[in-house]
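A.B. asks: Sharing a structure here in structure tokens format.
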Amino acid sequence: MNISDVAKITGLTSKAIRFYEEKGLVTPPMRSENGYRTYTQQHLNELTLLRQARQVGFNLEESGELVNLFNDPQRHSADVKRRTLEKVAEIEQHIEELQSMRNQLLALANACPGDDSADCPIIENLSGCCHHRAG
């Protein structure tokens with residue numbers, strides 16, 4: 001299979017596939033006599049795992065670790081589960097931070113009259129000027 005076939009099947013771009021190869025995140029493909037990369041089902045599995053791991057929030061390094069676990073016949077599902085639950089905890093923390101930012105912005109918006117005057121508690125609060133406090 002060539003890189004364009006793999007790109008179509010995995011939903012990755014050829015550029016992304018080459019990038020993952022350069023970073024050592026996938027098994028290096030064999031080269032044909034003409035120098036073209038030749039991919040196997042193993043490559044499809046690794047690249048699909050990388051794409052899907054990235055989609056659910058794993059960073060590049062973590063995704064590579066999952067590929068290593070995928071290729072390790074001695075892996076323990078407990079390791080994969082632990083990493084997944086750690087990622088869930090990270091995402092939950094990020095959600096809490098986003099909710100806090102949302103609440104702050106809503107409080108600022110509620111404090112602003114939103115009329116034609118120049119007085120804007122949002123700008124004043126964000127700039128630290130004039131000691132206006134929202135909410």
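Backbone N, Cα and C define each Cβ position, glycine as well.
Grabbed the feature section from Swiss-Prot, which reads as follows:
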type	residues	note
DOMAIN	1-69	domain 'HTH merR-type'
DNA_BIND	4-23	DNA-binding region
BINDING	Cys112, Cys120	Cu(+) binding site
A.B. asks: Give me the long-range Cβ neighbours of Cys120 (Cu(+) binding site): same chain, 6+ apart, Cβ under 8 Å, in sequence order.
C.D. replies: Cys112
A.B. asks: Using all protein chains in view, find how many other C-beta atoms are within 10 Å of the C-beta of Cys112 (Cu(+) binding site).
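C.D. replies: The answer is 17 other Cβ atoms.
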A.B. asks: Please average pLDDT over the DNA-binding region (4-23) for the predicted structure.
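C.D. replies: Reported value for the DNA-binding region (4-23) is a mean pLDDT of 96.
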A.B. asks: Using DSSP, what's the helix, strand and coil tally for the DNA-binding region (4-23)?
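C.D. replies: Result for the DNA-binding region (4-23), in helix, strand, coil order: 16 helix, 0 strand, 4 coil.
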A.B. asks: Can you break down the domain 'HTH merR-type' (1-69) into helix, strand and coil residue counts using DSSP?
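C.D. replies: Grouping H, G, I as helix and E, B as strand yields 42 helix, 4 strand, 23 coil.
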